[in-house]
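Report on one structure; see the data block that follows.
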Amino acid sequence: MPNWGGGAKCGACEKTVYHAEEIQCNGRSFHKTCFHCMACRKALDSTTVAAHESEIYCKVCYGRRYGPKGIGYGQGAGCLSTDTGEHLGLQFQQSPKPARSVTTSNPSKFTAKFGESEKCPRCGKSVYAAEKVMGGGKPWHKTCFRCAICGKSLESTNVTDKDGELYCKVCYAKNFGPTGIGFGGLTQQVEKKE
């Protein structure tokens, strides 16, 4: 029977949904205020919704209910689930394990797996990706990426390195460049013989 004068029915509350407040998902209409996960009641949008038949869920709840189960099928980083699967008729057997120390027993094993944070040669502190500038084959903080003599801020186009230190081209030429007549000025007095 046709629905005269009214809009579609909301998939959550079954009341009429008018066009101005309508969100469509999986062929069904919802009020904007009813577009919540049917398990945890979290507000949903087009990027966080996962539909199963006539029900809508957030991606985490959808994965818990309808995703693969068992060892090796975690919900991803940041999610901790203590669900044993009893509501699905699964038997969970936990084997006793010896207590382990929380601290890393072998730091070299940890650094081999996750990598050690790189250290800035100038200040000795860790250099993270957001502040990392490469110079002389080493990572530097943006604030430490300066000439060792004049303190001028450096860029990849005007940096030179010597013995693990960074210099601007001018300071490098003055201190380590060629010397003598024709190389940036006189470095020795030439005596005239009369």
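From the backbone N, Cα and C atoms, a Cβ is placed for every residue, glycine too.
Here Swiss-Prot flags 1-5 as region 'Interaction with TCAP'. The domain 'LIM zinc-binding 1' annotation in Swiss-Prot covers 10-61 and is backed by sequence analysis. If you look up Swiss-Prot, you'll see 64-69 marked as motif 'Nuclear localization signal', on the strength of similarity to another entry. Taken from Swiss-Prot, the feature region 'Interaction with CLF2 and isoform 2' applies to 94-105. Summarising the annotation, Swiss-Prot assigns phosphoserine to S95, S153 and lists similarity to another entry as the type of evidence. Residues annotated as domain 'LIM zinc-binding 2' in Swiss-Prot, with sequence analysis given as evidence: 120-171.
Model confidence over the domain 'LIM zinc-binding 2' (120-171) is summarised by a mean pLDDT of 88. Taking the Cβ of S153 (phosphoserine) as centre and 10 Å as the limit, one finds 11 other Cβ atoms among all the protein chains shown.
Reduced to three states, the DSSP call for S153 (phosphoserine) is strand.
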